[in-house]
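See structure below.
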């Protein structure tokens, strides 16, 4: 069975209470449960990780190489300035799909740039929690499983 890692970065543990007008009322637990169910329907194992700490995200990305077939990553605010996470993504051999709940290109100007997108297989933004499912579908297509 193929295995995929879902990684959520800083403040995503606050989903459902943080800026619900931007991110919706769904919680991280709901998102992870829904994604595990979707992956199971597709015959894929999915494990989840969330951290507010850059180093923990980097370590998790490094450790995923060779264990998982790919990563779905929402780097949160690190998207816009973490060259360390960008380098971690570039250093692994498995594809990474970057996902954002909101459309980062319609928000504050500092959110318009993603330093991580250029080293990802693709980027999905603005579709709420459904964007994570789109990322899973895209990742499986990239892996030749769809």
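All positions are counted from 1 along the displayed chain.
Glycine is no exception: its Cβ is also placed from the backbone N, Cα and C atoms.
According to Swiss-Prot, the site 'Transition state stabilizer' annotation covers 18, on the basis of sequence analysis. Sequence-distant contacts of residue 18 (site 'Transition state stabilizer'), defined by Cβ-Cβ distance under 8 angstroms and a gap of at least six in the same chain, are 11.
According to Swiss-Prot, the active site, proton acceptor annotation covers 23.
Positions annotated as substrate binding site by Swiss-Prot: 74, 80, 87, 101, 102, 111.
The Cβ of residue 100 (active site, proton donor) has 26 other Cβ atoms within 10 Å, all protein chains considered. Here Swiss-Prot flags 100 as active site, proton donor, drawing on sequence analysis.
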Which of the binding-site residues listed here (74, 80, 87) have a Cα atom within 10 Å of the Cα of residue 100 (active site, proton donor)?
74
What's the number of neighbouring CB atoms sitting within 10 A of the CB on residue 74 (substrate binding site)?
24
